[in-house]
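Record features (TrEMBL):
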- A:Cys111, A:Cys114, A:Cys151, A:Cys154: Zn(2+) binding site (BINDING)
2 protein chains.
Amino acid sequence: MDPQPFHDHDHHQCSDAVMSQAEASLAASGARLTPVRRRVLEILLEAHRAMGAYDVLQRLAAEGYGNQPPVAYRALDFLVEHGLAHRIQRLNAFAACMHPGEAHAPAFLICRVCDTVAEAPAAPVRAALDGAAADLGFTVERASIEALGLCPACREPS
Amino acid sequence: MDPQPFHDHDHHQCSDAVMSQAEASLAASGARLTPVRRRVLEILLEAHRAMGAYDVLQRLAAEGYGNQPPVAYRALDFLVEHGLAHRIQRLNAFAACMHPGEAHAPAFLICRVCDTVAEAPAAPVRAALDGAAADLGFTVERASIEALGLCPACREPS
DNA sequence: CTTGACGCGTTATGATATTACATACATAGA
DNA sequence: TCTATGTATGTAATATCATAACGCGTCAAG
């Protein structure tokens, strides 16, 4: 079963699973998961949320790491480059990838009430986009697909 | 024929058409196209590009309008609210809407070489996205769909 | 002719992100 | 082991993007 933010799940297990996948994925590519990078990923994994770079930085600083923006941005950029995190343009923020290692071009579903961010399988969306672009002669290389709305939990009056 | 950035077109006519549509659209809603707002729209229309708020501001300032950020942001926000311009999240920038008045939820195609921004019809894309979201119980309210890639002109070695 | 809504101008500040350079650390080769 | 090399981290300074808060001018309704 996939990590799935919108429903009850054992979050500890969910995070651990992602961390393991992340480690495996990195080992395969020869990149190093240094303490700062690992810690940043853990911080992102604490919630199914997007966090701003400065929020992450504050956490790092409190734990004795550097307290200047590049410390956070470098780790975040590393995670994004290696597919362990995503940048959410709409929020100027970052979220842990819930499916590291798998090739995927996700769409992000952002709940405007609880700020939860989920990844939806976007292959069909991407196909539609590629088609629309092709009609205009445009070749899509990278796409950001981000939706703002209501997650199941916030939709129903609990 | 639609305004279509990626192909040769009479740009003067293209801009004029959009301005007329914009005026009509605003008149219908009772909102006012003041000099600053009009000028900002004209500036955005000069190129099929996204411009940063500060770029617009510089232009305004050079023409004797205010030279502080809120002057630009207010006009830009107004245009966006009234469907005359779009914010391109990926670029932290704004582009004139090429189909004002028409209800549309566009996808943006951004050429990474010439920076041209075009709007593609996104109804099928949006449908696919709604579907993927619905599978997770998520209700999409607003979506940003932005693609980075190569426009037809930049794709072919001229 | 007042009043109230709106648009514009300005100051100040906040939030996000990068450049540039210095220091430390790991590791492979001599 | 020693040292050279690349990579990671730390820090200062600055660039870029965005908003809050306030005051003034204009214009139309009452």
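Just so you know, the numbers here start at 1 and follow the chain as drawn.
Even glycines carry a Cβ here, placed using N, Cα and C.
From a predicted model like this one, the values you see are computed outputs, not experimental measurements.
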Interface-adjacent binding-site residues, chosen from A:Cys114, A:Cys151, A:Cys154 when a CB lies under 8 A of chain B: A:Cys151
Residues close to Zn(2+) site centre defined by A:Cys111, A:Cys114, A:Cys151, A:Cys154, Cβ within 8 Å: A:Phe6, A:Arg112, A:Val113, A:Asp115, A:Thr116, A:Leu150, A:Pro152, A:Ala153, A:Arg155
Local Cβ density at A:Cys151 (Zn(2+) binding site) - other Cβ atoms counted within 10 Å: 26
For A:Cys154 (Zn(2+) binding site), nearby residues of its own chain (Cβ under 8 Å, 6 or more apart in sequence): A:Cys111, A:Val113, A:Cys114
For the binding-site residues A:Cys111, A:Cys114, the one whose C-beta sees the most other C-beta atoms within 10 angstroms: A:Cys111
